[in-house]
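Student: Sharing a structure here in structure tokens format.
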Amino acid sequence: MTKNVKSKLVLVRHGQSVWNEQNRFTGWVDVDLTEQGVREAKKAGDLLAKEEIRFDVAFTSYQKRAIKTLWMTLEGIDQMYIPETKAWQLNERHYGALSGLNKEETREKHGAEQVHIWRRSFDIPPPQIDADHEYHPANDPKYSHYDPAILPGGESLQMTTDRVLPYFNAQIRPFLEAGGNVIISAHGNSLRALMKDLFDVADDDIPGFEFPTGNPLLLELGEGQKVLSARYLDADRAKDLPAF
Ligand SMILES: O=C(O)[C@H](O)COP(=O)(O)O
């Protein structure tokens, strides 16, 4: 049976960041890519070039690790001309008071089980960060044009999903619905939120899925954005995908 592909959607997690390398909780802290992260982002472009997809529009977060990954990927496919929208709703989940801490040291202090709950539960947020802390978005000039009341100080995956999906449905789905091809460069947990919706994954199962850094996930979508096919372009660095 032939697949009736209406649109293509590429999800790419940013290449390795400085704090990925240092094993620190990152969230909304705006750290840069490492040299390895740059190589991963460029490779994402090389891999995507082989697919010969013409994109209509790109989306990314307010965070430079995802923005630069998008730019290098678009450069690799010679499509830097496409419209590009940045939205804080696609940011990584806010890691609250854990932001900046080393994950191993936090395990030593609070126990591996507690750290696993903070990292991989669906609905348990990390401890909130103080409103006057430099890592609270209300104190970051990037977000000064937003009402501080809507800016998070620590999010569970569920809270992340609750701000990613309304944005996706309102701003990105219409392009897919119209048959457009879309690329989104974002983060481990904002991409999990999208994966949960697109593949209809249960709350308890979604934290178990990992997005490799800088490895584009290509989805072919049919009517109503039903997933018809899904594969990571770097098969050697692929992770498990939900059933569809
Ligand atoms: O924000 C972070 O620290 C990482 O990007 C994702 O962290 P996690 O693996 O703990 O979800």
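Including glycine, each Cβ sits where the backbone N, Cα and C put it.
Note: TrEMBL annotation is automatic and uncurated.
The model shown is predicted, which means the values in this text are computed figures rather than measured ones.
In case it helps, TrEMBL gives these features for our protein:
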ACT_SITE  His14  active site, tele-phosphohistidine intermediate
ACT_SITE  Glu92  active site, proton donor/acceptor
BINDING   13-20, 26-27, Arg65, 92-95, Lys103, 119-120, 188-189  substrate binding site
SITE      His187  site 'Transition state stabilizer'
Student: Given Arg13, His14, Arg93 as the recorded positions, which ones have a Cβ positioned under 6 Å from some atom of ligand 1?
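Tutor: Checked recorded positions vs ligand 1; nothing flagged, none.
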Student: According to DSSP, folded down to helix, strand and coil, what is Gly27 (substrate binding site)?
Tutor: coil
Student: Might you list, by sequence position, any residue in that chain lying six or more from Arg13 (substrate binding site) with a Cβ less than 8 Å away from its Cβ?
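Tutor: Non-local contacts for Arg13 (substrate binding site): Thr69, Ser185, Ala186, His187, Gly188, Leu191, Phe211, Pro212, Thr213, Gly214, Asn215.
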Student: Based on Cβ atoms within 10 Å, give me the single least packed residue among the recorded positions Arg93, Lys103, His187.
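Tutor: Among the recorded positions Arg93, Lys103, His187, the lowest count of other Cβ atoms within 10 Å belongs to Lys103.
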Student: Trp19 (substrate binding site) to Glu92 (active site, proton donor/acceptor): how many Å between their Cα atoms?
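Tutor: Cα-Cα, rounded: 13 Å.
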Student: Of the recorded positions listed here (Gly27, Glu92, Arg93, Lys103), which is spatially closest to His14 (active site, tele-phosphohistidine intermediate) when Cα positions are compared?
Tutor: Glu92
Student: Roughly how many Å separate the Cα of Gly27 (substrate binding site) from that of Glu92 (active site, proton donor/acceptor), to the nearest whole number?
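Tutor: Given the Cα positions, Gly27 (substrate binding site) is 5 Å from Glu92 (active site, proton donor/acceptor).
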Student: Would you find the one among the recorded positions His14, Trp19, Gly27, Glu92 whose Cβ has the most company, meaning other Cβ atoms within 10 Å?
Tutor: His14
